[in-house]
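Listed in TrEMBL:
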ACT_SITE  B:399  active site, GMP-histidine intermediate
BINDING   B:95, B:203  Mn(2+) 1 binding site
BINDING   B:202-206, B:324-325, B:373-376, B:380, B:399-402, B:475  GMP binding site
BINDING   B:234, B:324  Mn(2+) 2 binding site
């Protein structure tokens, strides 16, 4: 059985597009898991080798806006660097989010990317601490 | 959708009278089956749009409307700048100026059959498609700005196409009022390798056959008859438009608060048209329209090169190019008065009627060709603008079938390989870099496009002219 207390991610339904959702013990963990869900929209994150490290930074005064900004920063880096990512680390302190993404150049034959992501949206956007104590970070992405 | 709150005005027109927070009614178009099948979210979102400042006449949903971002996809709303009207990045969407362009080939179906596989393979080899594909064109900063100002006109000047193409593109191929200086360095960077690429998702290039004519007179004017082969290209402003959408949606979060606009949904973020953010967005969004027009023009040129090699007898002439994610400043008749309004069409196609001054002379009597894309296994349609659509929907019609199933559900229902094999049995060749992408776009994941165009026709939004069925589909 799945351990629902350990960090994990999932996709959720949206008619035209797809929702990404991460769970973790802290907002940082939930954000990193949501980023994995984002990667999984494109390809299997487990198929991505950790060859390069990319750092991004954004504002984090409002956690929900920070989630959208974080995911959009990753979408931008994937687009201009022609990369896919398979692991993430997030730190939030002093109203700033600092994130690291590990990945490699996109190889269409090996990664078989399903779809390109246009942007993260404010639809179904929620960053919340659930009753049981774990954090959930989610939104819909436009593909 | 629960129809209890709606008043039925005729077979295909439904109204939600203003309730709390709404400034104007919502008008939904569609037959009873389509309206009942629509998500309740469509009504909720259209009602939210009806509450935005300066909205004129009504908040509309086309027969293919579905749950979108702030605005429903298939939504049309016009705003008066002088009455505090707003512009919304969400009301245009991420894929600014996504649209359809259809080319005539001068060939009949039998001419394609002997070279069908070669044509499919050559198109797939030469048209950059899918994530990770790059165009051969690299623009420097100056070139990029010229493209953002010049649109398809710029592309033709660069040698991608013919001057006569431009008479068959909205805005004659060049959107006025584009301000490349309002487009961020990040948006420009994201476009660097993407000129002349098709993209992914629901974007495609299809070789199609005209399988039925509904209006012989208009079909003749459009230059199509049964058995003709045409090519349709569906794509938009690529990474540049996506980044502009992302950035201005974010900026408008703050702007709406500053201007005291209450938003029931963050995605509805907007700014007064006459505000600095509003004007900056319009300048950037118009630049993205030019990017989309230039992109479809370059893809046309690549397609012509393929046909010249594989089927030299073909002559690819542009029927029309029309976008379905835009905000345009247009003149419309409202309660007997002509007013200049900012019309948002999010997943809705402009459909100018006969005699509209912005149409090429060739379409003066028929109205504008309205190009409706289907999914890869189903039909696409050509409609024509009607005289009545201006009062019905600010001259707008549907844009496609619209999904009936999420991508997630589609991948659980179908395998990409199986979809490709089944379509091949029906004589339709699919070329795509991704099986999962094909499964996500399986024909069964879309609504019945025929019901959508029929409802558009019955409601008077546009008139059915012809049905097109796919022969080859290059899919991202």
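Just so you know, glycine gets a Cβ as well, placed from its N, Cα and C.
If you count neighbouring Cβ atoms within 10 Å for each of the binding-site residues B:202, B:325, B:375, the highest count belongs to B:325. Checked against residue B:203 (Mn(2+) 1 binding site), the recorded positions B:324, B:375, B:399 differ in C-alpha distance, with B:375 being the nearest. In sequence order, the recorded positions near chain A, meaning those of B:95, B:203, B:205, B:234, B:399 whose CB lies under 8 Å from a CB of that chain, are B:95. Each residue contributes its Cα atom, and for residue B:205 (GMP binding site) and residue B:324 (Mn(2+) 2 binding site) these two points are 17 Å apart. Distance from the CA of residue B:324 (Mn(2+) 2 binding site) to the CA of residue B:402 (GMP binding site) is 13 Å.
The DSSP secondary structure for residue B:324 (Mn(2+) 2 binding site) is coil.
Non-local neighbourhood of residue B:95 (Mn(2+) 1 binding site): B:236, B:237, B:241, B:242, B:245, B:325, each in the same chain, at least six residues away, with C-beta under 8 Å from its C-beta. The subset of recorded positions (B:202, B:375, B:399) lying with their Cα within 10 Å of the Cα of residue B:324 (Mn(2+) 2 binding site) consists of B:399, given in sequence order. On a Cα basis, residue B:202 (GMP binding site) lies 12 Å away from residue B:399 (active site, GMP-histidine intermediate).
Taking each of the recorded positions B:203, B:234, B:399 in turn and counting other Cβ atoms within 10 Å of its Cβ gives the largest count for B:399.
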